[in-house]
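> When I checked Swiss-Prot for this same protein, it listed these features:
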DISULFID  36-105  disulfide bond
DOMAIN    18-121  domain 'Ig-like V-type'
CARBOHYD  71  N-linked glycosylation site
CARBOHYD  114  N-linked glycosylation site
CARBOHYD  163  N-linked glycosylation site
CARBOHYD  182  N-linked glycosylation site
CARBOHYD  262  N-linked glycosylation site
SIGNAL    1-16  signal peptide
TOPO_DOM  302-313  topological domain 'Intravirion'
TRANSMEM  278-301  transmembrane segment
């Protein structure tokens, strides 16, 4: 009856999916030793077994008797059970790519105190990885749970807009016209880069304008005007750089100014310290008024009693 229970339990274990606890990495041609130890050392081990997922039984062992299944032999897989059946070990020789997979060992135990047919078991799994390259052998002991690296995102210190609001009005310059004797070159500028950096102490705005060139002659004219505006809390600095055309014509040009308006509004918030100061000043004023009232009352009362005493005499 006990053997039948063990057989049925083994069949159910073969088709179950235990979670791997140990991972071993080896190269092709090496030998891999897989071992597991049981936690329950009080019960009697009736039989131990090794099988390979998904449904391949390798061997059944009872003491020194080993029975192999599914074309496995002792020449390929050797079995050992040292330390009085506390540990069971198999050694897979001359590894090939087909030997990779998850191997599971199971202990079938019965209680030594109760005369029952109840069978208890423990199972442990090992994942064997067979590397096809010439890398060194690595044995990795895993805890059974996946671990992903921690990531953290930090917000830059200069982005802090909780106490201010910033409004920009940018007027792009109008067309630039170069008047020459025999030709007219019209250059249109459009704003293409607006970069704003806001800090707790200052705000800066960079405006760079460039655009296409409309040429009515057969020669190439290159004319680039860029504006860089830096706005701080106290001043605005505007820099203009102009590159002349390919013929080095230094004709005067008219450029509409770039208007940048920077409006900063700070909304102050009262802290607890400010409220404490206000409350302290108010309390001091009230106490001073009470003290003055008490002194005045005492003086007036003293004079009144003195006056009544003199009248009685």
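Glycine too: its Cβ is placed from the backbone N, Cα and C atoms.
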> Would you mind reading off the Cα separation of residue 105 (disulfide bond) from residue 71 (N-linked glycosylation site), to the nearest angstrom?
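Distance between the two Cα atoms comes out at 18 Å.
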> Rank the disulfide-bonded residues 36, 105 by the number of other Cβ atoms within 10 Å of each Cβ and report the first-ranked residue.
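Within the set of disulfide-bonded residues, the most crowded position is 105.
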> Which sequence-distant residues neighbour the topological domain 'Intravirion' (302-313)? Criterion: at least 6 residues beyond either end, Cβ under 8 Å.
none
> For residue 71 (N-linked glycosylation site), just give me the three-state DSSP call.
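DSSP call for residue 71 (N-linked glycosylation site): coil, neither helix nor strand.
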> Near residue 71 (N-linked glycosylation site), how many other Cβ atoms are within 10 Å of its Cβ?
7
> Using Cα coordinates, what distance in whole Å links residue 36 (disulfide bond) and residue 71 (N-linked glycosylation site)?
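If we compare the Cα positions of residue 36 (disulfide bond) and residue 71 (N-linked glycosylation site), the gap is 23 Å.
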> Which value does the mean pLDDT take for the topological domain 'Intravirion' (302-313) in this predicted structure?
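Mean pLDDT across the topological domain 'Intravirion' (302-313) comes out at 80.
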> I'd like the per-state residue tally for the topological domain 'Intravirion' (302-313) from DSSP, helix first, then strand, then coil.
11 helix, 0 strand, 1 coil
> Which three-state DSSP class does residue 36 (disulfide bond) fall into?
strand
